[in-house]
């Protein structure tokens, strides 16, 4: 790495990408587009070899990252390395998976467009590790909080779980992904990860029941046996020895030295709770892992379904027994179905854990997505079957999409920069994709037809139908159609496809069975009865009821692949192409034959030719000018004009010919790498001269700085002397001030004079300053700061003036209605304060102008009153003086008299001149007595009234009748006149509730409720 980057004292990378060109003879070029002989596969592989030898495992093809698996730990994935690549332009420093991750992230943030990263390569090339590094980079570098950190943990912890259930040891890789995975990571408007979603493709279910020699079943089985607790294994009726289980030893490789199943089991068990699995679900998963014991199914029914087949013909059901081979096939089909559906359930469960929770982010304006596609690369094995056919078909589609998107990206860049687009010659593999997927004519359609055709069908009949239908296709060959030379290397049960990456022979044995991928109907019926919580989710009862035949496996894969390509087309793609240097997994070993094989199958040369069809090198004006400006006197040391003019001046000085470059709107395009290499060589030759210039400038700057330091030292000496004299003067003044203050304090009680004038002035000033800050803000605030003895009289005058000023201001702002309210409250206070129990509750309640609405007063009564307007009205209860019968009435007050009204009739008029006084009890009741003068024969005598608003009513009546001094509050009883010469008595007592009844000796008893 030393040749690729230097770091200054601030830790910032200053060396741009082209700095590696100076070491190109030793470590090669870090971008394949700079290869002079870009059409040479040998030059391509030699460049890979040089970089791999120097532990430089990453190389660019334009924006595509080529990654070599080093088979050892490299110190290039630390937090410091993440910080080094964070926010740095893609080509500024050496190629790295972090550079691609950061570039994709910044493109998503700045362009607000969804991105995706496509990772492909052979098994063992490092695809899974690359996806882990990308997720780790986002988890560490993206902004986050506690909730988002938990999401990051779930994203990372989903990997070991999916690896345990979806990865296995193969001949080429000890941790080979046996399924395709596409993961969306969703980011909010701040760039923080807020959600995720996983799609899985084509799990290799056949591995559950069969493994090639030297291979293993899925990791989870061996992890459970090796790492599970003894009690757990006893509960599941399992033994630790995998040799006891035929599904685990088909490949004769239950133990692998490079894999610690026990430690991996611990990792999986820790990861499951993090991503949201309950203890019951964890136990159920472990139970499903034990294929010998499917919980929740009746044993006899399962035995019957595994040994018999149910057929429906002309509406009748027939059950026929299965022979040994058919029963084994049924058992294997059930095992594959249980594992495959459980894996799908597992992915759904992980998706629930990663799902976006906040509604605000569901808007496309609020969030963006980065997709990660970890997909199997092109596979060519010694024996290729249905799985390799699907895998290679997937790679054909992705290659078609890759070339299409690469060309589109190139064309868009040219159009953006205003450069004329040149037609690119390349191999279009659409003809191969159509051969496989075309409706009614493609291989998948023919395979489906053969599976559905009535009568006896077999893999050989499928091959014969292929020969009849697509036999004339230039990319299809069989033993029957081949020439003599090809027949010698092809079996009669094989067909050959000429893929974009090369020729592959496929053996048709098992194609029909693997494409059908169906369970017997009676097996489905049994499994749908399971009470296991996972199996009941995986086998829906609707499956048995639904008579519609499900799609074949190849068609399902084709449809899911179509959806995947639609997803990828909607995003801006980035690419990682993974290569393994050798099959032995040895560090430092470079197998040229194997590497050439992968370069061919990954289509890297085709990609390079597309990228180099126009211009080999393009860079933004500012980056190009910054690097090469020392080569031109007009641009060195700084160019102050337009960047395009500066670049044009520079290339003219360097002698570039017109056919060697083009200037776009913001970039320079250089057609030939040789032009760039010559420029680099000139820069290398110029560097000693530049260094000398810089050294000379530095020495001059250093001497000038030294002189300035000496000059500043002389000035500083004089300045320090002046500051010292000023400090001494301030100290003398401070000492004199302290002496005067102490002397004033000693003579503070004496006459005002030279000895105490400063102190007394200070005391007065302090008091007035304090008074200014603490003046009362309300007329009710009686506080006032304590004055010093010399200001007592002045303080009293100031207090009176301030109070008078506050009262005047308050009176100016009081509203007439509020003034009227206050006057009434004052009168009520004078009458009832400390006299009647219910008065405190009435203080906070406003007095109303009337307790009766205008509609409640009879129009006839209003007409009878004539010009005497009703000033106040309230509902009362009048008690007869004899018998004390209660009668509801309205009491209406005018300016000169009051009337008692019964609906529309005035029952009694009380002139205010005839009102002698008003009597109430001191309790909380509402009873009051209006005493009438006995000399007035027009009056009917005293009135006994009960009112819910007695304090308000009595206050208003007393003010209107001018009887505020004639309100009597009696504590025990009140006398009233019954008739001439006869008197009655009202007794008042406290009780639980208000009650008015006839008491002893003919008295009226009023029970007043106690107040809490």
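In case you wondered, yes, glycine gets a Cβ from its N, Cα and C as well.
Where the annotation comes from TrEMBL, it is an automatic prediction and has not been curated.
The domain 'Myosin motor' annotation in TrEMBL covers 28-684. What TrEMBL lists as ATP binding site is 121, 122, 123, 124, 125, 126, 127, 128. As annotated by TrEMBL, region 'Actin-binding' applies to 561-583. Annotated domain 'TH1' per TrEMBL: 836-1010, in sequence order.
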**Message:** Let's check the environment of residue 126 (ATP binding site): how many other CB atoms sit within 10 Å of its CB?
**Reply:** 24
**Prompt:** Which ones in the same chain are close to residue 123 (ATP binding site), with CB under 8 Å and 6+ residues apart in sequence?
**Reply:** 170, 172, 173, 176, 177, 376, 377, 379
**Message:** Is it possible to get the count of other C-beta atoms within 10 angstroms of the C-beta of residue 128 (ATP binding site)?
**Reply:** 23
**Prompt:** If you count Cβ atoms within 10 Å of the Cβ of residue 121 (ATP binding site), leaving out that atom itself, what do you get?
**Reply:** 25
**Request:** Helix, strand, coil: count each for the residues of the region 'Actin-binding' (561-583), based on DSSP.
**Result:** 9 helix, 8 strand, 6 coil
**Request:** Specify the count of other C-beta atoms within 10 Å of the C-beta of residue 122 (ATP binding site).
**Result:** 25
**Prompt:** Average pLDDT across the domain 'TH1' (836-1010)?
**Reply:** 88
**Request:** Enumerate the residues of the same chain, 121, 122, 123, 124, 125, 126, 127, 128 excluded, that satisfy the criterion Cβ within 8 A of the mean position of the Cβ atoms of the recorded ATP site; list them in sequence order.
**Result:** 69, 173, 176, 177, 377, 578, 580
**Prompt:** Within the chain of residue 125 (ATP binding site), which residues six or more apart in sequence place their C-beta under 8 angstroms from its C-beta?
**Reply:** 67, 69, 377, 578, 579, 580, 598
